[in-house]
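**Student:** Submitted below is the structure of interest, expressed as structure tokens.
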Amino acid sequence: MEFAAFADRAEAIESESADTAITEAVTDLFRASGSDLSTLARFVQGRVFPAYESRTLDIGPRLCYEAIARAAGQNVSADDVEQRLADLGEIGAVAASYDLGGQQGLAAFGAGGGGDDALTVAELDDELRNLAAVDGSGSQGTKVDILFGLFSRCSSTEAGYLARLVLSEMRIGVGEGTVRDAAAAAFDVPVEAVERAVQVSNDYGMVAEVARDEGESGLATVTLEIGRPVQAMLAQAGTVAGALEDWDRAAVEWKYDGARVQVHFDGEDARLFSRNMEEVTDPLPEVVETVESTLDAPAILDGEVVAVDDGGDPLPFQEVLRRFRRKHDVAAAREDVAVRLHAFDCLHAAGEDLLDAALETRHDRLESLFPADSDVFSQMWLSDDAEEIESLEAEALAAGQEGIMLKDPTAAYSPGKRGKHWRKRKPDVETLDCVVTGAEWGEGRRANVLGSFELSVRTDDGYATVGNVATGITDEELDDLTERFEPYIRSEDGRDVVLDPAVVFEVGYEEIQASQSYASGYALRFPRFLSVREDKTPDSADSLARVERLAESQ
């Protein structure tokens, strides 16, 4: 398929407002996709790579502006593009506003494609993968060259959607649910079969191809693959009384103040993945050593990595993140902050997928993988007694942990799902994970430092504001945050700064109030900064629907 045809279809999809019409349009796209089906299943969501891959284009907004400016002609600069973005508000509209095709870049296709033929979806996919592979000295210039060549071959409509795709800002109303339903409709297979295959593979493109080529029977053969992470099962807040009322008895585990990790062991080598499915094997060598020296057969485990002091007592969550972020001099970091794995679930063991097994069964398999005296697997207690559970909670808190997890012992493991089968009980006030979409420069001696941050939550078509936070951030943290946000500055107007959504804050608050001052219709009363959620992306931040539920439950 030519990229122009995809861009036209994306434009048509974006013009629809009804979910059914959007799904029908994506269904038609899939039926017409031919050999490009896998790629289009990603592109239509604004993804270049499958969700389980940690690869990125590593293209900041400024590099994209430079490529657009070069393709637009000698009289256009990156600053001009940025100013037009401030006027138009969206990078796709900016790219589409220039006449990019036919500029002097047509002679430069050695870096960005091939000749004056129409750009195809397959060729664009190849070029973007080449761009992602560029590394080392001069890599930014090479990336701009590749983008320049691609933009120079684009019509206005194509350029708009290319810019959105490159900056992960497609936002045409197509989410994972739409792709799931469209794949099922396009190839006449049950939605449940598609969803199940996606749960175990985390690859919508591959699943769509299997649905088309092999049907429902083929989807049933899609299984977990060691080395290919899946989304983590998530918990909602809950109470002991509610859990016992729903399940009669509960599985109780300590809730560790750590970072989620998925362990993949192929029988020889271990690989570790964060909650966002980014590989974190290299920063955590002691966890790798523990797994490789203990396990005998292939396995996929779910767990938490906790930072500990010399006595083995837990350290704050931020200490774990220091290790997760460390890319260089890992040995020194290991000396400064030790980490320990607490595995609490088993998704696969010795060739057998266990997602559909009951939690109680999965935990038995988990224990069987380790020596009886091992402290690697997390203890689990079964109880139907509220007082006993509260006693276990007190023990967890006394040991420096966050609280307890309450789980339905009969429930299967549902990747990516936040539901009633796992419930977290913490004494802390509920927090929100908000996307930072704006900021404000300080005043006086802090004029060159960002001092206040605009908080937003996810909606179906973007983000909606819920407030601003400045409380709880030290001067040192403000300096660090300013440096962190600089690559994501989209535009500035006086002290006001518009930021590309890239960073997630964990925010505490006293109350959620109805408010017309913010786009969400809600405002956080007395918000306070708690931490940067290094383990989360904007796609996994809290949603407006959750804000609504929390507001109703106050």
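Even glycines carry a Cβ here, placed using N, Cα and C.
Quick paste of what Swiss-Prot says about this protein:
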- LYS255: active site, N6-AMP-lysine intermediate (ACT_SITE)
- GLU253, ARG260, ARG275, GLU304, PHE344, ARG418, LYS424: ATP binding site (BINDING)
**Student:** Near ARG260 (ATP binding site), how many other Cβ atoms are within 10 Å of its Cβ?
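**Tutor:** Neighbour count, Cβ to Cβ under the 10 Å cut-off: 16.
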**Student:** What's the most sparsely packed of the recorded positions GLU253, LYS255, GLU304, PHE344, LYS424, counting other C-beta atoms within 10 A?
**Tutor:** LYS424
**Student:** Which residue, out of the binding-site residues ARG275, ARG418, shows the minimum number of other Cβ atoms inside 10 Å of its Cβ in this structure?
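**Tutor:** Least crowded of the binding-site residues ARG275, ARG418, by Cβ count within 10 Å, is ARG418.
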**Student:** Need this for a regression test: binding-site residues ARG275, GLU304, ARG418, LYS424, filtered to those with Cα within 10 Å of the residue listed as 'active site, N6-AMP-lysine intermediate'. What's left?
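**Tutor:** Within 10 Å Cα-Cα: GLU304, LYS424.
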